[in-house]
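First comes the structure, then the notes that go with it.
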Amino acid sequence: MAGVADAAAAAPGSVGDGRQDSGRGEPKTLWGSSEPRPPAAGPGQPSPQQRTETLGFYESDRGRKKKRSLPDLSLLRFISAELTRGYFLEHNEAKYTERRERVYTCMRIPKELEKLMFFGIFLCLDAFLYVFTLLPLRVFLAMFRFITLPCYGLRDRRLLQPAQVCDILKGVILVICYFMMHYVDYSMMYHLIRGQSVIKLYIIYNMLEVADRLISSFGQDILDALYWTATEPKERKRAHIGVIPHFFMAVLYVFLHAILIMVQATTLNVAFNSHNKSLLTIMMSNNFVEIKGSVFKKFEKNNLFQMSNSDIKERFTNYVLLLIVCLRNMEQFSWNPDHLWVLFPDVCMVVASEIAVDIVKHAFITKFNDITADVYSEYRASLAFDLVSSRQKNAYTDYSDSVSRRMGFIPLPLAVLLIRVVTSSIKVQGVLAYVCVVLFYCGLISLKVLNSIVLLGKSCQYVKEAKMEEKLFNPVLTATPGKAAGKQQGTFKSTQGNSTDENGSTSVTSQPVHQKENMPSLLVTSNSDQFLTTPDGEEKDISQDSSELKHRSAKKDLLEIDRFTICGNRID
């Protein structure tokens, strides 16, 4: 029987010294013991050195011997091998260096993020104080010019400058909405919200946050449309519905947005005054839902810039809401300073939760998307560029409007609500009270001027560090997205010689280069545009220009991104 088995197991392809072989290779042990040398490979077999190894065995060694020597199966040998085996991390040095840099990036995120937040909050504060301090003075000067205009004669074709017209419109909207807010009963709203259950209030607060973002995105467009309609040159053909309809739309927007913020402040006030603090805890836990909704999604550089602007606006708005809550509570307790210390822990909890959520969210977003911490310095330089460019003589917008577009922070509704709360909470009676009000107003003006000077100096420093100062003196006209770019694609060859001004760079952050080099960048918008508008002979040139555009797009497109620009799969 043994001879028959040996004959049946003989390998037909064995060569070499003519010895009969089983055709099955010897297994390689896991713990490094020496094995007999495998037989020579046949003509149709790979050599043992070329066989792939899987879990310590060769793939061709499927039919290994059933009998093994007893020392090879020693448990002590396996344990000693597990205790003494080693490995070398330098064999994969690039991988571990990258992991270490990710750890360092996460450690740098809190510092860089808070520097951006600190700068952005003071930008919002500057735009917010402008409504209370310089805007009334500018409205007064514009009205004085309008009244005394017959005394000086019509030297200019314009009765008022465009900036003065916008200031008057802002002042009138502010006054009208303030008087309209007197018809809204804050006490009735407070007791109406307080009578609801906790889960209803939680849902209401989430709905208010969503509604605030949606109405802010449309509100700044309404205000911009009003300003442009009122200051548009009269020589052009009329393509609007008139200044009066736009004005009523703006008044309605500011009034509704102010009521929305009042409901938010009232809900937060109810949470502060609840006995078991469960509602406040639930509302604070809502901040951590942002981590789940944003961390595990792909973010580009522009998306992160939008999120950073949103976080700045949200944090500043929460500070103003906390101020309103403290004013209302202090009024109810007859301005007892002891009650302020009762509110202090809750205020600290709200602020601490906001900071913690922002740090964790940005740390993991930068980690998962391989974004360095240096990107926050670029964001800060972009915000600083807006401030510096708004101080130029050829500025096309006011700085407060620039902050509104960039961050989604519109100061008019929040200012209307704060004026309404302050005037209802603080009673001014007597000459001394009015003197205190005048001194307080002078203090606000001093704070506004000091804040503006410091911000302007810091902004100039950030712009110089980012090497963007040349764009302040050599501005490049930006191409209109969408239809304008499409028209330029169709007539690129015919207008190449006389359209350098129209086909400039698509962003104010790019360094000034020759205009002819930027012309192909307007063509490479998408693959479908290349297919539809590009002749066969120019496809290679377009693909080369598109590769160059990808390297420049990260910094070129940054300042063209405002709060509600779609630059990816999501808007935050």
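For all residues, glycine too, the Cβ spot is worked out from N, Cα and C.
Unlike curated entries, TrEMBL annotations are predicted automatically.
Small disclaimer: the values here were computed from a predicted structure and weren't measured.
According to TrEMBL, the compositional bias 'Low complexity' annotation covers 1-14, 42-51. The compositional bias 'Basic and acidic residues' annotation in TrEMBL covers 18-27, 540-554. According to TrEMBL, the compositional bias 'Polar residues' annotation covers 488-513, 523-533. For 1-63, 483-554, the entry in TrEMBL reads region 'Disordered'. Annotation comment: TrEMBL describes 116-133, 167-184, 247-272, 409-426, 432-457 as transmembrane segment.
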Recorded stretch, among 116-133, 167-184, 247-272, 409-426, maximising Cβ pairs under 8 Å relative to the transmembrane segment (432-457)
116-133
Using Cβ atoms and a strict cutoff of less than 8 Å, what residues sit near the transmembrane segment (167-184) while being 6 or more residues removed from its termini?
131, 135-136, 138-139, 142-143, 160, 226-227, 230, 247, 250-251, 254-255, 258-259, 262, 412-413, 415-417, 419-420
Long-range neighbours of the transmembrane segment (247-272), counting only residues six or more past its ends (CB under 8 A)
169, 173-174, 176-177, 180-181, 184, 186, 189-190, 193-194, 201, 204-205, 208-209, 211-212, 215-216, 218-219, 222-223, 225-226, 279-280, 283, 317, 321-322, 324-325, 328-329, 343, 346, 410, 412-414, 416-417, 420-421
